[in-house]
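Trainee: A single structure is presented below for examination.
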Amino acid sequence: MTGSFASLNDIADFLANEFAASRYPASEQGGLYRFAGRRVQRLGLALEPWPDIAHWVVQHQLDSLYLHRPWRIDDIPLPADVSILAHHLPFDETLTMGFNTRLAAQLRAIGSLEPLGFKQSQSETGDLLPARPIGMVFDMEKCSLADWETIIRELFGGYDQIVAGATGMVSRVAVVGAMNDSLIREAAGRGVDLYLTGAYRKPAQEAVTQTGIVVMAVGHRRSEEWGLRALADLLRERWPELTLFLH
């Protein structure tokens, strides 16, 4: 609750709800990675471990860590009383390129967000889990491609690639966590001017050429870094008393 320090379970439950983790198999839901039982007052957020992470933890007197990719953390001697939270796929699909409501707001979306494409997983017992949108489509106030590039630079600090299409104006956008022939054609068929994604995929080039859609690849790392900042904002909104450190 606001006004008292959160427990790790509080934060794990909150993020499970924000990420709609029940749509994923248990092995991909993320959550508590290491539980040390302390209240969370000083939380460090990072995309993955790095060689000096233990020093960073001690330097900032962290009691907990959040990692997007925790795979190598078990090889690093962290203080025994430091807890760890981790989400991989749920983080990617909620806070990077995909059906990302916080990003849509910053991209000046108008009206409702429309899902684009779906993926669906099975539970460990073989039951189908709820479908997850791969991306979103929305309208925005018409702007030039140059203005759009400025928006992206301000949000992400740059981008990797842009393939200009048949239009120099943007008023309908798709933000998608994948790029293939069928997704490009579906977006174009729904009136999308610009397709925003993480990485440009060459196999979709024919669809890009034939539809004349503009494609902008932000870069996977940039989208993850944006997502980590968005996660920090999300946690601050819920627990203003948390002290957060981003790496």
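Each Cβ is built from the backbone N, Cα and C atoms, and glycine gets one as well.
Unlike curated records, TrEMBL annotations are generated automatically.
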Trainee: For the divalent metal cation site that TrEMBL assigns to H220, E224, which of D81, D92, D127 is also named?
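Mentor: Candidate listed by TrEMBL for the same site: D92.
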Trainee: Once near-sequence residues are set aside, which residues in the chain of D92 (divalent metal cation binding site), 6 or more away, have Cβ atoms under 8 Å from its Cβ?
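Mentor: The list for D92 (divalent metal cation binding site) reads H68, G98, G177, E224, G227, given in order along the sequence.
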Trainee: Which residues of the same chain, at least 6 positions away in sequence, have a Cβ lying under 8 Å from the Cβ of H220 (divalent metal cation binding site)?
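Mentor: When sequence neighbours closer than 6 are ignored, H220 (divalent metal cation binding site) has T96, G198, A199 within Cβ distance under 8 Å.
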Trainee: Around the Cβ of E224 (divalent metal cation binding site), how many other Cβ atoms lie within 10 Å? Please give the count over every shown protein chain.
Mentor: 20
Trainee: For the recorded divalent metal cation site formed by D92, H220, E224, name the remaining residues of the chain with Cβ within 8 Å of the site's Cβ center, in chain order.
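Mentor: Result: H68, F91, T96, M97, G198, R221, S223, G227.
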